[in-house]
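Below is one structure, written out as C-alpha cells; the observations come after it.
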Amino acid sequence: MNNMWGSMLQYNEIYWPWPIAIYLFLAGLSAGAMMVAIIQRWRDKNDACFKAASLLAPLSISIGLALLVFDLGKPFDFYWILLKYNFKSVMSIGVALLLFYTPLAFVYAIYAFRDVKFLAPLKSIINTIAKTRLLNLLELLLFILAIGVGVYTGFLLSAVSKIVLWSNYILPILFLVSGFSSGVAASIFFGILSFKDDIDKSSIATLLKFDLFAIFFEIALIVVLFMFVFSADENAALFVKNALTTGGISAIFWIGVIGLGLLMPILIDLTALKGHTYKQGVIVFNTFLVLVGVVLLRCYIVYAGQIFTGI
C-alpha cells in the first residue's frame with residue numbers, strides 16, 4: 001500500500017490509504033443510487049435519473065471492489081474471504097452482503113434498460129423480472145441490501161476500536177445518509193448529462209428536495225459525531241481539537257466538506273434553485289459539489305482518524 005499522502009502524514013504511518021476512502025465513497029454511492037432507482041420506479045418515473053441510478057449502482061460498487069481488492073496487496077487471494085466466512089468479522093459480513101447485492105444490482109440494471117437492442121437475447125429473463133410480484137420482491141430485497149451496504153461502510157471503520165473517530169455508532173448512520181446524498185446527486189448529475197431525452201424536471205425537483213433534507217441531516221450527524229467523540233475522555237477531546245484545527249487536514253474538513261460539500265449546495269438550493277426552478281447548469285454544478293463533499297468526507301474520516309490516533 002502507498003502510505004504517504006503529502007505532509008499531513010509525517011507523524012503516523014497510514015495503513016488505510018486513499019483507495020480505501022474511494023472504495024467507501026463508491027460503495028455508499030452505489031447504495032444511495034440503488035435506493036434512488038427503486039424510489040423512482042415506485043413513483044412510476046422511468047426517467048433520466050432512474051436510468052442513471054440503475055446503472056450507477058452496479059458499476060460503482062464493481063469499481064470500488066476492484067480498487068479494494070488490488071489495494072489489499074494480494075488481489076488473487078481475495079477469494080479466500082468468500083470461502084472462509086467469519087460472521088464475527090465486519091469484513092466477512094460485508095462480503096456476504098456484497099455477494100448478494102452486486103449481482104442483483106446488475107439484474108436490476110438489465111431490467112431498467114430492457115428496451116436497449118443488445119439486451120434482446122435476455123428478453124425472456126427480463127419479462128420474468130417484469131412480472132409485478134417478482135419485481136416488487138427484487139426491489140424490496142435490493143432496498144434492504146442497499147441500506148445494509150451503506151451502513152456497512154461505516155461499520156467497517158467503527159470495528160477498529162483503537163481509533164476514536166471511527167469507534168462509535170454515529171459513523172455508520174453518517175455514511176448511510178451521506179451515501180444516499182451522493183446517490184441522489186450522482187443520479188441527477190449523470191442523468192442530465194447522459195440521458196437528456198428522458199429528463200423529467202419535476203422528478204429532479206423532488207430528488208433535489210430529498211438531497212437537501214439529507215444534507216441537513218448530515219450536518220446534524222457530523223455535529224453529534226464530534227460531540228460524542230469529544231465527550232469520551234481527555235485524549236478524545238484533544239483529538240477533536242487537532243482534527244478540526246491542524247493544517248491541511250482541517251482545511252479539507254472546513255473548506256471541502258463543510259464549505260463546498262454542504263453549505264454551498266444549501267445556499268445554491270435556497271437562492272439560484274429557490275422553489276426548485278429548473279436551471280440545468282446550476283443543478284449540474286450543485287450536484288457536483290455534493291459529490292466532491294462526500295468524497296472529501298470519506299477521505300477526511302479515513303485520514304484524520306489515523307493521523308491523530310494511529311493504529
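Here the Cβ of each residue, glycine as well, is placed from N, Cα and C on the backbone.
Annotated in TrEMBL:
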- 20-40: transmembrane segment (TRANSMEM)
- 52-70: transmembrane segment (TRANSMEM)
- 90-113: transmembrane segment (TRANSMEM)
- 134-157: transmembrane segment (TRANSMEM)
- 169-195: transmembrane segment (TRANSMEM)
- 207-231: transmembrane segment (TRANSMEM)
- 251-270: transmembrane segment (TRANSMEM)
- 282-303: transmembrane segment (TRANSMEM)
Should anything in the same chain at least six residues away from the transmembrane segment (20-40) have a Cβ under 8 Å from its Cβ atoms, list it; otherwise answer none. 46-47, 49-50, 52-54, 56-58, 60-61, 63-65, 67-68, 71, 105, 108, 112, 139, 142-143, 145-147, 149-150, 152-153, 156-157, 175-176, 178-184, 186-187, 203, 207, 291, 294-295, 298-299, 301-303
Among the recorded stretches 90-113, 134-157, 169-195, 282-303, which has the greatest number of Cβ pairs closer than 8 Å to the transmembrane segment (251-270)? 282-303
Tertiary contacts of the transmembrane segment (134-157), as residues 6+ beyond its ends and Cβ separation under 8 Å: 24, 27-28, 30-32, 34-35, 38, 41-42, 57, 61, 90-91, 93-94, 97-98, 100-101, 104-105, 107-108, 111, 128, 163, 166, 171-176, 179-180, 301-302, 305
